[in-house]
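**Student:** Pulled these from TrEMBL:
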TRANSMEM  29-51  transmembrane segment
DOMAIN    44-293  domain 'G-protein coupled receptors family 1 profile'
TRANSMEM  63-89  transmembrane segment
TRANSMEM  101-123  transmembrane segment
TRANSMEM  143-161  transmembrane segment
TRANSMEM  204-228  transmembrane segment
TRANSMEM  240-260  transmembrane segment
TRANSMEM  275-295  transmembrane segment
Amino acid sequence: MTPLEMSNQTFVTEFIFLGFSNHSDLQGLFFLVFLVIYLTTLLGNMLIIMATRVSPALHTPMYFFLSNLSFLDICYTSTTIPVLLVNFFREKKTISYEGCLSQIFFFVTSAGTEGVLLAAMAYDRSVAICRPLQYPVLMRVKVCVGLVTGSWLCGLVNSVTHTVLATTLTLCGPHQISHFLCDIPLLLKLSCSDTSVNESVLHVASATIGLSPCLFTAGSYTLIIAAILRIPSAQGRRKAFSTCASHLTVVVLFYGTANFNYDRPREGHSLDTDILVSVLFCVVTPMLNPIIYSLRNKEVQSALRKLAGRQIA
């Protein structure tokens, strides 16, 4: 760090978000849009959780994982959207230093856990289709609980590591974040100290928490597709594929938007483009997950109808 940077260093108390600053005349419209998305996300995922709890037909490993995915999506959006909604009414869109670190912790925890959990769900589907006779043993309750617990531990360890390293950064200059949320790469851009350790850990985490579950999921679906193609009847193939179609759609949506959000070149893109990509990953995907499972799954639809009937009665 140069003497000039040392002189510019100040104790950080807050950050200023620049996201949506290019459209000050549309703040009211943005507020309504994100409020509707947030409420839809909360309602859809809470209905999935309630349906899997009250319907005996959904007391299976697949729906146990689904209820945990829905809980994760609620945590995911609740980490970022409430702060965004409040800032739409502020001329100066800020977040405290502690609030930024907290947002990073919960955001990274949710994203990392979801990636590993989706891999666990892919394993569940591969066992169900490739080894159906052994499914009750291989996917017994202890195994399912262990997979979910392991997913959370992976997300928490990854998040704690990044958050602790973030507290060691020396931040200089204007504390402005060109986004609507706090994230590790964005915070590294504001640092005038050595970030090599942070970047190395980020690369390792991308390989272990990001790439590895993605490759495992791809391998699981390779086995699934091969098993489905060996089924002699067309009706049998359709029935087998329907059991994993919703999960496959969610996987493609999650990893597709995550890859576009984190692995694309940062140079040459406008602020609006960066915001749009992050909105797809952080906001739209958690809203679509319960819709995808509800539209393509008759058991979930039946449970939701029974739940609605019980509430009306």
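Quick reminder: no glycine exception, Cβ is built from N, Cα and C everywhere.
If you look at the structure here, what lies around each of the features I listed?
**Tutor:** Within its own chain, the transmembrane segment (204-228) has Cβ neighbours under 8 Å at 112, 115-116, 118-119, 122-123, 125-126, 129-130, 154-155, 158, 161-162, 237, 240-241, 244, 248, 251, 255, 258, 262, counting only residues six or more beyond its boundaries.
For the transmembrane segment (275-295), same-chain residues at least 6 beyond its ends with a Cβ under 8 Å from one of its own Cβ atoms are 19-20, 34, 37-38, 40-41, 44-45, 47-48, 66, 69-70, 73-74, 76-77, 80-81, 107, 179-181, 246, 249-250, 253-254, 257-258, 260-261, 264, 301, 304.
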**Student:** Mind pulling out the one from 29-51, 63-89, 143-161 with the most Cβ pairs under 8 angstroms to the transmembrane segment (101-123)?
**Tutor:** 143-161
**Student:** Within the domain 'G-protein coupled receptors family 1 profile' (44-293) only, compute the mean pLDDT.
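**Tutor:** On average, pLDDT over the domain 'G-protein coupled receptors family 1 profile' (44-293) sits at 88.
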